[in-house]
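Visitor: Let me give you the structure first, and then I'll get to my questions.
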Amino acid sequence: MEIVETKVIPDEEVGLLQRNVEEVVEIHAWRSLRYVAITVVAVLIGTIFGCAVSLYLSGAYDFETFALEATVARPKHPLNFLAVGDWGREGTFNQTMVAKQMGRVGRQLRINFVVSVGDNFYQAGLKGPHDTKFKNSFSKVYTARSLQTQWFAVLGNHDYLGDTLLQIGDILTQKDSRWFCDRSYQIKYFLCGTSHIGYCSKFVELFFIDTTPFVNDYWSAAQQRTFDWRGIDLREEYLHEQLQNLNSTLESSKAIWKIVIGHHTIRSLGRHGDTQEMVKHVLPILEV
Ligand SMILES: *[C@@H]1O[C@H](CO)[C@@H](O)[C@H](O)[C@H]1NC(C)=O
Ligand SMILES: CC(=O)N[C@H]1CO[C@H](CO)[C@@H](O)[C@@H]1O
């Protein structure tokens, strides 16, 4: 298996999204690949249909179960979603502008859901249940109609500087029902289409992983910042179990596409470069 390169769409190009989207589709069609690692990008796979998503898992680690139903039958492509990361700025740093473009693009593509790859709230996650950042960075920013859909989020390193249990708990979902965040989980999305007989039996799976605890620097004695590692009692065990889970669920999955999503990049030309811990531990699992 190989990893598909995902394409970052710069803010100024978002207006041309229809074209970019087609390019992404072509990349996917051109290579017969199955695994995709997503970083901070807008990625899509096809368009929609009457679909059912069941988010499931049962393993030892936070994998959960739930279901979504698409309300509108959509021709041609079975699944569309947007992916965004590093966003929670209470509207500043062009967040509102990007949100507006996401709304347009989401409407054009008739997205099924939004993925957030972490660093949801800058600079240091959320302080507590009454932190207004949740409302000011999420509910009041992503107001476009197309974005009033399920959001699937994972944590980034900045989120770990705040109350991580709050972000992955139910309290935020009660405040805004779009919100779902956890450390690691899977979504199984059935691709159904009236024009494709039998198509409905095929599905895509998204595997969300918790990359932050892998990064050694965050645990070093010289680290100045305080990470909220509550819930991760034994780091080595936590990492080992997560890798084993990923390996075995990827291997046994019958999905026609398997997409692994986490905060830290495996390969990157960006300022942070490759994440060595990801290259060492996660990449070998994807390459099998
Ligand atoms: C993944 O699982 C396969 C078979 O179950 C095993 O051979 C392989 O070593 C595992 N890979 C990792 C990285 O754990
Ligand atoms: C057009 C616009 O508002 N650009 C802003 C994007 O964010 C940077 C950093 O906050 C600002 O300097 C720009 O003015």
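Just so you know, glycine gets a Cβ as well, placed from its N, Cα and C.
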Visitor: Just to be sure I read the record right: D119, Y122 are listed as binding Fe cation 1 in TrEMBL. Which of D86, D131 is listed for the same site?
Guide: D86
Visitor: Record says D119, H263 bind Fe cation 2. Source is TrEMBL. Which of N80, N94, N157 does it list for that same site?
Guide: N157
Visitor: Around the Cβ of D86 (Fe cation 1 binding site), how many other Cβ atoms lie within 10 Å? Please give the count over every shown protein chain.
Guide: 17
Visitor: Any of the binding-site residues D119, Y122, N157, H263 with a C-beta atom under 6 A from ligand 2? Give them in order, or none.
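Guide: Result: none.
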Visitor: Please report how many Å separate the Cα atom of Y122 (Fe cation 1 binding site) from that of H263 (Fe cation 2 binding site), as a whole number.
Guide: 14
